[in-house]
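Right, one structure below, let's go through it.
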Amino acid sequence: MMKKINKIALAVGGSGGHIVPALATREAFCREGVDVLLLGKGLENHPSLGEQQILYKEIPSGLPTFVRPITAVRRVCSLYAGYKKAKKELLIFDPDVVIGFGSYHSLPVLMAALKKKIPIFLHEQNVVPGKVNKLFSRFAKGVGVSFPPVIKRFACPAQEIALPKRAFSSFNPIVERLTSHSPTICVVGGSLGAKTLNDHVPPALVEVAKDYPHMYVHHVAGPKGDVVSIQHVYSRGGVSFCVKSFEQDMLSVLLSSDLVISRAGATIMDELLWAQSPSILIPYPGAYRHQEENAKFFVYTIGGGSMILEKQLSKAVLTKNILLALDPETIKNRREALRAYYQNKSSKSFYQFICECL
């Protein structure tokens, strides 16, 4: 018999690749009647929140890496302050379980949970484990993963789970516009890695439009993207487009796209699989190159698209890859490969996995 869970605290912060899965998990747990508290840093203004009303407490954090001594001292002090505040919030909320979603922002909360002997679970979104998740797996009850290759990298039981998806609209005027064009291309660079795609992709798509004059581009430029400049490139090239900083209804856009040009962060990877969207992946080169490993899995194991390393990016390389990706037979084969993989993915929820492990 599975144990009933009444309260869960989620330790989260950092990029959208950590925050979006945590918010989707929160929604899934709330549907199970669980009270959920988010503990972390930088969530209050994150665009993924939309109009959601969440129970959230800001927790200071710091990454004690090899930097200048004064910076290291400040970070350690911030980490300790976060640890103390996390202990206080956990004492007040009294959760049955704490779940860490990776990034150093989860560190003080996981430390506090360990000190208070609250069961810890982790969620790993990538093909390669993050440092905090790998460290705390030796203390955790279990790890829910998005991709099977990472299971063997942890010191506790790990299992593939079905990552909850962002809510999406069954009717969206954006989708109506997308489906009236052919082909439709979505460009999305993520919350932190969009600049390179914003600089390189629009000129290549202007070139591609010479072969596809009815092409439509939906470009998500990210919170720091220069929307006006990108619009100018498409407009000057005669390309039909929509450019925006953030797309609240990303799944609807992916479902309606013939090709997605994207980074290879964990959240977009999982959503590309769900939407069965053939893709060109341009992995962000930082953060121990985990996006490159994500992209390799998507391209070589699943067969869902192609990969271009950032150091290989040029207008000519992008144009060639986009034209190849828009070939109808290529789209058909890649979509079938994605469908075959997704049909065999685990359907077990994180909630079920946690209840079974307790």
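Heads up, the Cβ atoms here are built off N, Cα and C, so glycines get one too.
UDP-N-acetyl-alpha-D-glucosamine is bound by Ser15, Gly16, Gly17, Asn126, Ser191 in Swiss-Prot, and the record lists one more residue there from Gln248, Gln276, Gln291, which is Gln291. Counting only same-chain residues six or more apart in sequence, the Cβ atoms lying under 8 angstroms from the Cβ of Asn126 (UDP-N-acetyl-alpha-D-glucosamine binding site) belong to Gly17, Ser146, Phe147, Val150, Ala266, His290, Gln291, Glu293, Asn294. Local packing around the binding-site residues Ser15, Ser191, Gln291 was summarised as the count of other Cβ atoms within 10 Å of each Cβ; on this measure the leading residue is Gln291.
Gly16 (UDP-N-acetyl-alpha-D-glucosamine binding site): 22 other CB atoms within 10 A of its CB, across all protein chains. In this entry, Ser15, Gly16, Gly17, Asn126, Ser191, Gln291 make up the residues listed for UDP-N-acetyl-alpha-D-glucosamine, with the farthest two CA atoms of the set 16 Å from each other. DSSP gives Asn126 (UDP-N-acetyl-alpha-D-glucosamine binding site) a coil state; it is part of no helix or strand. Around the Cβ of Gly17 (UDP-N-acetyl-alpha-D-glucosamine binding site), a 10 Å sphere holds 30 further Cβ atoms from the protein chains shown.
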